[in-house]
Structures are given as structure tokens and as C-alpha cells.
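Engineer: Provided herewith is a single structure, encoded as C-alpha cells, for subsequent inquiry.
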């Protein structure tokens, strides 16, 4: 187990370096070679993939946790049923979303696509379709990651995802440096992601021959069973999309567009700090799922305390660096174009500390498929935070938007820590709802396995 954890931590470290490196590289390249206006249009268009990531209705997340628990119980047949059922659901939804998106793009009035950037409405339409396709292809990566995770190959899956992100980011940068347009950049993303997804599929099939992607084991009963945790999982990205995209929009409406880059630049900086807390946390998630499936209360508590200790060890030094050097870092990074106030740095550093403590703990609850206990609350709180952004922004400009985020994170800190105490510290391993739900899940899965996949059919599914 510890060898897997170390490999997972190493893979996560590489992933964070890739993400941070791309964030630092893409902004100056695109802004310099395209200009701020064209770059701004690209940013607006490229928010689409973040919303299309919701298009699987949470099935990839729910299936990943469920598959990990089934493998821990030695239920390969049940794992295949879940895997194929989730793939069938995601394929149906993705195809429907793509066809609707193509129709909408074709019917959009030309006036809506005239951004005054010298790009024809026709080119914008094709770019939109390609970006939609890219977002939907990303869903395949999510489901493949579920396969790697449940098979004990979490580190391999993360490395594959990181190489994919690095390749498509590099392709975009090269395309822009060679004078490529919005359409060319979108094409680079689609082609690179498609090639990498094919590579990930072959890699998983080669390493885990019994876990082949397909539809043979899919059935409607399993899709219905996954629907409840999938719906709860769907609330999580909806909440994140709400405050990540909604807060800058409301800030711009309240104070003007000039304050938005100040806020988003500092937010990007503090999110880089939070991302480092995932080095151990994401590697722990499949191990935590296994501990839950085996009702190992002691190991669950150990993982919780290890998460909290690691978070504190990363966040406290990071907060010191931001408080002392944060303004200088932003000015240097943006070549003197963004000058955040010290008040904003203080507030966003507090956001980093609070968010970096509760979010990794919430991932452990997610790894136990108990995320319904907080996901809907998170969504409601995120929407309330966006609404709170308007009056606070009128009062304190960009710092007000930061205060709205801080209020959201403080509230979620209380909610998640209480759940962690109840579900992990106090009740883990005791007879209760979590173990009962696992038993019911096993009984239902046994019935599905007997009814849908006989021993003679397993070889066909594999």
C-alpha cells in the first residue's frame, strides 16, 4: 500500500508541476501573440469544457468509487457491470449534448458571434463545435481514470492524464507561436486529446486485460443504482463552476472589467498553493475507498489525520510566502500589469488556508461514496457566495469578492469537519448506516451479477 501511495504522490507532484507550468506559460504566450481582446474571447469560449465536464451527470465519479470498492471485495464481474454501465450512460449523454451543441451553434445569430476581433462568425461557430467536442472527449479520460484507480494503477493513470495535459498545452503554445488562430488552437486541443485518450485506453487494456472498455456488461438497473451517487457527485462540479465562473462575472458587473484580472490573477496564485495539498490526498482516495469497503476504521482515521497534517505542513509555509512576497510575485508574473492590494492578498491567503484544509477532507468523504451528505449544501452555499459577491464588491472591490469566497470556505470548513468527525472519527467501523449501505450495495450487486452476467458470459464481457 505504501509503495502505491509513494507512486501516487510522485505522480501527483508531476501533475501539479504540469498544471502550474502550463498556467504560467499559456497566459503570457496567448496574451502577447493574440492580444488581450482575442485572448479574452478565447477564455470565454474555453469555459465551455468546464461546464461540459458536468455532462456525464457525475457517473464517472460515482463509478470510480464504486469500482474501487468492488475490486477491494474481489468482485471483478460487478466492477465490469459498473464500468460498462457508466460508459453507456456517458456515451448517450455526450452524444446528445454534442448534437444539441452543433444545432445551437448553427442557429446562433451572426451578431452574437461578432466580437470585433477580425474572426468571421463561421470560424467562431466551428471553433465552438471543436471546443464542445474537446470537452466531451475529456469525459472519456475521466472514466479511464476510474479504471486505473480501481485497479491499483492510480499513479499510472495520473501520469497519463498529466502527459495528456502537457501535450495539448504544448500543442496550443506551438500553434499560437506559429501564428495560429482560435480555430487552429481549438483543433490542436481536439487532435492531441483524441490521440492521448486512445493511448490511455490501450495502456489500461494492456495492463488490466480483464477491464476492457465496452458495453457488454451495461444494464439499466446498474445505471439506475449509480444515479443517486452520480447526482450527488454532479453537485460538486456545479458548485465549483458556480463560484469559479460566477464570482468574476459578478465582480465585473459590480465594479467594471478592470478589477477582474486583479482578482483572478491572485486567485490563480492561491489555487496553486491549494493544488499542492492534493499530492497525498488524491493518492489516498483509492486506498480510503478500500478501507471503507473492508470496514477498516483504524486505517480510515489514520488517513484523515495524515491528510490534515500534510495540509498544514504545506499551507502554513505557503501562507507566509504569500503574505510577505505575494504582491511582488504577482507584479513579476504579470510583467507589471497587475498590482493587487495587500488587503486582497491577506483575504485570499485566508481563503487558501481554509479551503486547503476542508477540501482534501471532503475528498475522503467522496471516496466513501458519502458525498451526498455535503454536496447539495456545497452547491447552495456556492450560489449564495456568488450572490454575496455583488454587495461586497461594491464595498471593497476585488477584496470584496475575496471575502465572499472566504465566507463560502469558512462555512464549508464547519460542515465538512463535522461530517468527518461523525463519519470517520466517531462512527467508522461501528454498525451503522455506512456499513449497512455497503452491505445493501453488495447484495444488490450480487443479484445483478447473477441475473445479468453468468460465469459463462464473463469471458465475453472481458
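Quick reminder: no glycine exception, Cβ is built from N, Cα and C everywhere.
Any TrEMBL annotation is an automated prediction that lacks curation.
The transmembrane segment feature in TrEMBL is assigned to 41-65, 86-110, 122-148, 169-191, 302-325, 345-366, 378-395, 401-421.
Mind running through what each feature is packed against?
Structural biologist: Tertiary proximity for the transmembrane segment (122-148) is limited to same-chain residues at least six positions away from its ends with a CB under 8 Å from its CB atoms, namely 45-46, 48-53, 55-56, 59-61, 63-64, 67, 83, 86-87, 90, 94, 97-98, 101-102, 105-106, 108, 113, 115, 154, 156-158, 160-161, 164, 181-183, 186-187, 189-190, 193-194, 196-197, 200-201, 204, 208, 211, 213.
Tertiary proximity for the transmembrane segment (169-191) is limited to same-chain residues at least six positions away from its ends with a CB under 8 Å from its CB atoms, namely 18, 22, 25-26, 29-30, 33-34, 38, 41-42, 45, 119, 123-124, 126-127, 130-131, 133-134, 137.
Remote same-chain partners of the transmembrane segment (401-421), defined as residues 6 or more beyond its termini with a Cβ less than 8 Å from a stretch Cβ, comprise 243, 247-248, 250-251, 263, 266-267, 304, 344, 347-348, 350-351, 354-355, 357-359, 361-362, 364-365, 370, 373-374, 377-378, 381-382, 384-386, 388-389, 392-393.
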Engineer: Tell me if the transmembrane segment (86-110) touches the transmembrane segment (302-325). I count contact as 3 or more CB pairs below 8 A, with pairs 6 or more residues apart.
Structural biologist: no
Engineer: The transmembrane segment (345-366): which same-chain residues, six or more beyond its ends, come within Cβ distance under 8 Å?
Structural biologist: 61, 65, 233, 236, 266-267, 269-271, 273-274, 277-278, 281-282, 284-285, 288, 300, 303-304, 307-308, 311-312, 314-316, 318-319, 322-323, 326-327, 373-374, 378, 399, 402-403, 405-406, 409-410, 412-413, 415-417, 419-420, 423-424
